[in-house]
């Protein structure tokens, strides 16, 4: 009898939620990406395989026009890509930024992790690396991206992300030069919820392995060379198999200043539940930028998950996808922004 009671007592002390593993969770209603990642796990693939395949699916499907080729042209009309992948067991990271000519950005990021001692490669050099690794060079421009760029030029290059320059960036295209004198000011951000809908994905398997990845074509009409939060470890995503994972989406220029994914994972390491960890990460940014556009997803090692978003006009509810052993298929979830 004593043995039976002891077993029951010990069982009651075990962490809950393992029945929900494996788990795939990603930002936005990108269902096919979730399905690709879930299929990879179910067929015996690793969590890295799952994240890579899920993000790659979004790259090929040009999810919402904000991931993959043919979207978000910069000031020169060019589409460039950013991506990151992280291994929560080894803490290895591979990332690329300002990648040209290569459609499979998440694949190149994984190649950086597995075939170099580096973490992040950028620009033309990243593209040359990708070609040397066997990735096919292709034009990332499409008729859609050309049209977006043309209409932007016709509209006097509005919106843009210049400040303290001449000619007046709110009325004119460049080339721009620094103003001789200017006052320090915080220019209003353009909260276009379709301008930077990064896919961020976290995958956990039954054995406690965790990985995360991101992929995006960045901010529409960005200054050439601009890199946001997506390929920055701790900002776009962060994982540790001893704590969990997080991935962010939104205004990367603002969000990367606060490393929200890293903060959320460290909070979960301290025992904070995923929903609360997500909310705390958003609150940290909100104290300084109350009207920023952004959201974050979080998952701990037991398979519990959560999300949070900053409430602004046009974003009162944040949608994300989940697949786990309970659903066995991608399911759309949502959370009210605050």
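Along the chain as shown, the residues are counted starting at 1.
The backbone N, Cα and C atoms fix where each Cβ goes, glycine too.
Note that TrEMBL annotation is computational and uncurated.
The shown structure was predicted, so the numbers you read here are calculated from the model rather than taken from an experiment.
What TrEMBL annotates here:
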ACT_SITE  198  active site, nucleophile
BINDING   226, 227, 228, 229, 249, 250, 251, 252  substrate binding site
SIGNAL    1-19  signal peptide
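Around residue 228 (substrate binding site), taking its Cβ as the centre, 24 other Cβ atoms fall within 10 Å, counting all chains. Considering other CB atoms within 10 Å as the measure, the emptiest surroundings among the recorded positions 198, 249 are those of 249. A 10 Å cutoff on Cβ-Cβ distances gives residue 229 (substrate binding site) a total of 31 other Cβ atoms nearby, all chains included.
The two recorded residues residue 251 (substrate binding site) and the residue listed as 'active site, nucleophile' have their Cα atoms spaced 10 Å from each other. Its own atom aside, the Cβ of residue 250 (substrate binding site) has 30 Cβ atoms within 10 angstroms in the protein chains shown. Sequence-distant neighbours of residue 227 (substrate binding site) (same chain, 6+ residues apart, CB-CB distance under 8 A): 82, 97, 98, 122, 218. Listed binding-site residues: 226, 251, 252. The one with the lowest count of other Cβ atoms within 10 Å of its Cβ is 226. Residue annotation for substrate gives 226, 227, 228, 229, 249, 250, 251, 252. The furthest Cα pair among them is separated by 16 Å. It is 10 Å from the Cα atom of residue 229 (substrate binding site) to that of the residue listed as 'active site, nucleophile'.
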